[in-house]
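The Ca(2+) binding site feature in TrEMBL is assigned to S184, E185, E231, E300, S361, E412. Under the heading transmembrane segment, TrEMBL lists 50-69.
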Amino acid sequence: MNVDNEDFFLIIITVYQFVNRRLTEYWRQAVRMPTAYRVGNSTLRIQTQFIVGVAIVGVSFLIFLYALLPYTRNKQLVSDIYRHDEHGHQHGAEVKKYPWIYNSTYPLTRPATTPKGVRYRIAVISDLDVDSKDKQKNFTWFSYLKKGYLTIDVTKKYVNVEWDQDLIVLRSTLSQGGRGMELSELVVFDGKLLSCDDRTGVIYEISENTAIPWILLTDGNGKTSKGFKCEWATVKNQHLYVGGLGKEWTSSTGQLLNFNPQWVKIVTPLGQVEHKDWRQNYISLRRTAKIEFPGYMIHEATVWSDVHQEWFFLPRRASFITYNDKDDEKKGTNILLKANEDFTKIQAANVGPLIPTHGFSTFKFVPDTSDSVIVALKTEENEGHIATFITVFTITGEIWLPEKEIGLYKFEGIEFI
């Protein structure tokens, strides 16, 4: 028996109203004509018909509820819909109904058809690190939101990017350890534009050029006092997956401290958060590149593809040797990794030339390309020099737009808005 959530609650309310109405009628009648009775060997004279009627209704209602129990036994109650397999992924067959109405609008702005191709509204977000502290306002931190347009003609393999002249400043007074608003990703989820602060773990909704705090993600398994260092976010099965660096957390010289960056947060549109250990998934990814600890692979660009039913990763950095801050600046990659849903099959390919100081910080599939064309950002942090580049290529590695500098800020999130 298949019953939608709304129908289920409507039936409950209807039955409740019926029983309540009958009870009300009974008590009104009882007040007008009190029950007569005799003590001793005499019989009690009460309204047995009403009691039998209420009992029948009550038992029938319980039987009806029990008939709906397969709905709960199939793990589709509100309290159980967040269960996943051991790898931390939801399977579509497990969750057929959700206790929410999801807004699947994407992109948020309708694209325009022009003589040069389809024109999309895009935006990028900055992570200014320590420079995000506002020097003019006390206890305030900020990030830059840069908007523009991406025009693409897939038949001609033509791509052009234009940017708005002005930057939008997003401010917040939330911080941790004196740092905040170091926004690391942009993603549309449930019809909203979201970004995550990799210092506080706060996910912000960006609306009308304002950063509005939505939820707080805590580090590791969630039972810590530190904010989650979120680096990537993607949507899968109406859930927001938010991930960290994907490597073991080490000191500046490579000493192992914890595994907190190897956890992933799974967020519902209602804001509930589940913490999933992805350590084995990350290990499987780097082993594809023949890397073992203390070598590492850093992830800041991850997207789930509904079309391919695969995870796509563009690692920012990779190394066969122990991490240290200085050498890490020159460990950029040109690797594209694809993994099936449970990470039992992983493929690796190269995309474009390898520039050691440039590493992927974010990417999205261009809409209406069947998840075959990617727009990505690569960032450079080398001996104090900071820059960001935009590039467009196919999942087979064909470059449509070579790296093009977009500014001397570190932009770590891109989205079609």
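Yeah, the Cβs are placed from backbone N, Cα and C, and that goes for glycine too.
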Tertiary neighbours of E231 (Ca(2+) binding site) (same chain, Cβ under 8 Å, six or more apart): S184, E185, D198, G243, G244, L245, G246, H299, E300, E412
Would you count the other C-beta atoms found within 10 angstroms of the C-beta of E412 (Ca(2+) binding site) for me? 29
I'd like the Cβ neighbour count for S184 (Ca(2+) binding site), meaning other Cβ atoms within 10 Å of its Cβ, all protein chains included. 26
For E300 (Ca(2+) binding site), the three-state DSSP class is coil
